[in-house]
Amino acid sequence: TLFTHYGIYLGDNRVAHLMPDILPALTADPRHLGRAVTNARLLLGVLAKVASIRVDTVRDFAYGASIHVNSLDALLKSPALGAEEVAGRAERLLGAWPYSLLWNNCEHFVTHCRYGAAASLQTDKLCETLKMIIRDQRSILVSVLLGLASIMCLGLAPSTTLPTIFIPFILWMAG
């Protein structure tokens, strides 16, 4: 996917991680909550901004992807806390948790537990890329052309005309 999923290895084949999941908002039944999170549950959790910090097996955590160990130590300036402190922080936070793809995701959870401060290099990079696109004057031209194409295809209506005017204007002001 676009992002890398982060978790904290607790030992004994267990990983604590923040996972978007709609089910904790709907039920407290541990029989349902303990099952592996499906793509539908995950997507609905992202949209509803609902998640849980949960413990899964390494296999369920990886969900078929490869696992990279401790790739943040070289990138972050803060020293890592001790393994026992990191695991203790993660286990104390288990349960339902608010979620935001940009401001409170699995990487924020891991960096909070491991370094004492929540951060996400992935979302920082995404935001920098979006700022670069917004500041590029060609994005104004592209948005005007797309707006005009939507007016030509869908007709002149507030739902086509207003975005054609306001999106390029906002991009121009932001640039």
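From the backbone N, Cα and C atoms, a Cβ is placed for every residue, glycine too.
Features of the protein shown, as given by TrEMBL:
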- CYS106: active site, acyl-thioester intermediate (ACT_SITE)
- 1-122: domain 'LRAT' (DOMAIN)
- 140-173: transmembrane segment (TRANSMEM)
- [ ] With DSSP as the reference, give the number of residues of the domain 'LRAT' (1-122) in helix, strand and coil.
- [x] 45 helix, 25 strand, 52 coil
Task: the domain 'LRAT' (1-122) [mean pLDDT, rounded to integer] - done: 88
TODO: Can you check which residues sit near CYS106 (active site, acyl-thioester intermediate), meaning Cβ under 8 Å from its Cβ, same chain, 6 or more apart in sequence, and list them in order?
DONE: HIS5, TYR6, GLY7, HIS17, LEU18, MET19
